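What follows is a single structure, written as structure tokens, with notes after it.
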Amino acid sequence: MIVLGIDPGSRRCGYGVVAREGARLTVVESGVLVPGDLPMAQRLGRILDGLDALIARARPLEASVESVFSGASPRSALVLGQARGVALAAAARAGLPVFEYAPSEVKLAFTGNGRAGKDQMLRTARMLLGAAPGLSDEADALAIAVCHLARRAFAVPAAGAGRAAAARAAAARLRPSRRDHRGTP
């Protein structure tokens with residue numbers, strides 16, 4: 001199973017394509033789309049073009065996107081909503097099913113801490129995936145993909161009281177795709 005994780009943004013859009021074979025996770029491709037200092041419509045167009053090219057290249061079977069964080073200012077939420085719309089449109093145009101996860105849900109599944117900071121997300125990406133994301137947007141996108149793979153692999157329920165514990169247990173069963181610096185899995 002190959003999944004595309006997207007951390008939408010109008011200035012930086014993180015993406016992470018992760019493959020799961022059994023319990024082994026492998027990063028297919030990850031990075032950040034940076035459309036430059038352009039008017040909003042042109043930035044969104046460049047992000048759409050970048051996501052279209054990525055989907056054609058990596059051929060994911062499903063996409064997962066971070067849902068809107070409601071604590072942002074109304075203007076920030078509107079801009080984020082536009083960037084999410086572009087991500088959803090790219091996935092829909094490619095015929096990919098799209099799954100959405102709250103930021104705290106992604107952090108919990110990825111690190112075991114629903115309030116994990118940027119440093120913890122970056123460290124977990126290195127430890128779990130052997131990846132070296134340069135920006136937190138990239139680490140977040142990888143985390144979104146892993147969260148979705150964990151849900152699919154271990155039938156974590158979409159709702160209910162046991163959701164957090166089940167997500168942590170599912171993430172704990174995933175093995176890194178590479179050895180860490182000490183040479184152990």
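We number each residue from 1, going along the chain as drawn.
The backbone N, Cα and C atoms fix where each Cβ goes, and this holds for glycine too.
Taking all protein chains in view, 27 other C-beta atoms sit within 10 angstroms of the C-beta of Asp7 (active site). Under the DSSP three-state reduction, Asp7 (active site) is assigned to strand. Annotation source Swiss-Prot lists active site at Asp7 (among others), citing sequence analysis.
Counting only residues at least six positions away in the same chain, the Cβ atoms of Ile6, Asp7, Pro8, Arg84, Glu100, Tyr101, Ala102, Pro103, Val106, Asp140, Ile144 sit under 8 Å from the Cβ of Glu66 (active site). Annotated active site per Swiss-Prot: Glu66 (among others), in sequence order.
Look at Asp137 (active site): DSSP puts it in a helix. The active site annotation in Swiss-Prot covers Asp137 (among others).
What Swiss-Prot records for Asp7, Asp137 is Mg(2+) 1 binding site.
In the three-state DSSP reading, Glu66 (active site) counts as strand. Under the heading Mg(2+) 2 binding site, Swiss-Prot lists Glu66, citing sequence analysis as support.
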List every residue in the same chain as Asp137 (active site), at least 6 positions away in sequence, whose Cβ is under 8 Å from its Cβ.
Asp7, Gly9, Arg12, Cys13, Gly14, Val32
